[in-house]
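These come from TrEMBL:
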- Glu319: active site, proton acceptor (ACT_SITE)
- His320: active site, proton acceptor (ACT_SITE)
- Tyr122, Gln183, Asn206: NAD(+) binding site (BINDING)
- Thr229, Gln251, His254, His320, Asp353, Glu408, His413: substrate binding site (BINDING)
- 9-21: compositional bias 'Basic and acidic residues' (COMPBIAS)
Amino acid sequence: MTVTYLKRGKPETERSDDDAKVRSVVETTLADIETRGDVAVRELSEKFDRFSPPSFRLSPSEIEALMQKVSTRDMEDIRFAQAQVRRFAEAQRASMTDIEIESLPGVFLGHRNIPVQSVGCYVPGGKFPMVASAHMSVLTANVAGVPRIAAATPPFKGAPNPAVIAAMHMGGAHEIYVLGGIQAIGALAIGTETIEPVHMLVGPGNAFVAEAKRQLFGRVGIDLFAGPTETMVIADETVDAEMCATDLLGQAEHGYNSPAVLLTNSRRLAEDTLAEIERLLAILPTAETARVSWADYGEVILCDTYDEMLAVANDIASEHVQVMTDRDDWFLENMHSYGALFLGPRTNVANGDKVIGTNHTLPTKKAGRYTGGLWVGKFLKTHSYQRVETDEAAAMIGEYGSRLCMLEGFVGHAEQCNVRVRRYGGRNVAYGAAAE
Ligand SMILES: NC(=O)c1ccc[n+]([C@@H]2O[C@H](COP(=O)([O-])OP(=O)(O)OC[C@H]3O[C@@H](n4cnc5c(N)ncnc54)[C@H](O)[C@@H]3O)[C@@H](O)[C@H]2O)c1
Ligand SMILES: [Zn+2]
């Protein structure tokens, strides 16, 4: 394979140093919340966000007052975006059906999709007030029928952001907390004197938020590992450098650690894009973070063939994959590891992030190898049940069960089957023996 790096990000070893630091901060902070509850949460909010209101939970009148501050235009835009997210989520919900089959005469097996009973939805807001993340988690939980939705977001510039709070409220949040980072995630999962713990945490966030969810997994459920944004552009000469550079920087601006990767089979496009990125970085108002991300994590990878591009793309398993080639559908058919695909030059990640209707909470750090993004199905638990309706079925399946239990040496298990064979099959099976 001839894969050439025209630009590389910082080596994997240095990236894992960053991870180790975050891991230990999160560990200590969660332990602190566990032992000192509300007191720790307040101290952490003061320390990281300089925010210490009388109550972190917003009252109905505070919510109302914040919503009054959102312009009519912004409210309409939020409503439009939520309508798109709802439409797609409802279609996905409808694709998940409860089933029941008669697997053998008299034997009925089924499953039911049951909503998680309480979820904590994290809406990021350190650098940017991420209004859209409220639709993605709160509204989707609502479509799934979750009866208790607690939403949390950090203060933005010292106060709750009106548009984020409006989106949470309109999305169907039952409780809204103005809390960020590890203290929000910890308080929701562990619980405090004032916050009832939830059963599952969802939503994206920075490295601290993603790591806190990871460490709390097991104690509560989590949707997926959705850390700092990653983006990949797969392009050939059907598009130009302005398009590629814009799409790379458009996501690199999320933070100082957002990988943006160009994968192409055109040396000319690769070189032009490198130059175009420098040109745009000189004029982009958010260049401060985008420039650091690009320097530390940006990559330009040149391949000879489309097959090589496909192999590299599947291996990297980037969160967002923008495909602009003469064979976009071939990539759709053959890509197996990614967060979401954006096919053709008319789509883009920003529309996907904010408005088009697919969920923007997506797997990062190669989690796309084992999961897709957040969707209504993540809020539903699929539980099986069984029912045996006839004496014949109870006796017949019981004979198999009895023998298979004894094969493993489980005498007590076998008796569960035998008592049914005796009672419903009228057969005398000796206690502790296999039914013959
Ligand atoms: N994967 C996805 O689907 C997806 C989607 C949207 C956004 N994102 C990512 O979400 C992130 C949002 O990050 P953000 O920082 O703007 O907001 P955030 O809300 O995730 O984090 C802000 C909080 O981080 C905490 N914090 C900051 N510095 C800290 C430190 N040194 N130690 C401990 N805690 C600290 C603070 O408590 C603050 O409230 C970005 O990285 C973005 O790429 C991911
Ligand atoms: Zn984005």
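If you go along the chain as it appears here, the first residue is 1 and each next one adds 1.
Placed from the backbone N, Cα and C atoms, the Cβ positions cover glycine too.
Between the alpha carbons (Cα) of Thr229 (substrate binding site) and Glu319 (active site, proton acceptor) lies a span of roughly 7 Å. Distance noted between the C-alpha atoms of His413 (substrate binding site) and Gln183 (NAD(+) binding site) is 46 Å.
Cα spacing between Asp353 (substrate binding site) and Glu319 (active site, proton acceptor): 12 Å, rounded to the nearest whole number. Asn206 are the recorded positions among Asn206, His320, Asp353, Glu408 whose C-beta comes within less than 6 Å of an atom of ligand 1, given in sequence order. For the compositional bias 'Basic and acidic residues' (9-21), residue counts in helix, strand and coil come to 10 helix, 0 strand, 3 coil, using DSSP. Taking Tyr122, Gln183, Asn206, Thr229, His320, His413 as the candidate recorded positions, the subset whose CB lies under 6 angstroms from any atom of ligand 2 consists of Thr229. Distance noted between the C-alpha atoms of Tyr122 (NAD(+) binding site) and His254 (substrate binding site) is 17 Å. The Cβ of His254 (substrate binding site) lies under 8 Å from the Cβ of Lys127, Phe128, Pro228, Thr229, Thr289, Ser293, each on the same chain and at least six residues away in sequence. The separation of Glu408 (substrate binding site) from Asn206 (NAD(+) binding site), Cα to Cα, is 48 Å. His320 (active site, proton acceptor) has Gln251 nearby among the binding-site residues Gln183, Gln251, Glu408, counting only those with a Cα within 10 angstroms of its own Cα. Its own atom aside, the Cβ of Thr229 (substrate binding site) has 26 Cβ atoms within 10 angstroms in the protein chains shown. Around the Cβ of Asp353 (substrate binding site), a 10 Å sphere holds 21 further Cβ atoms from the protein chains shown.
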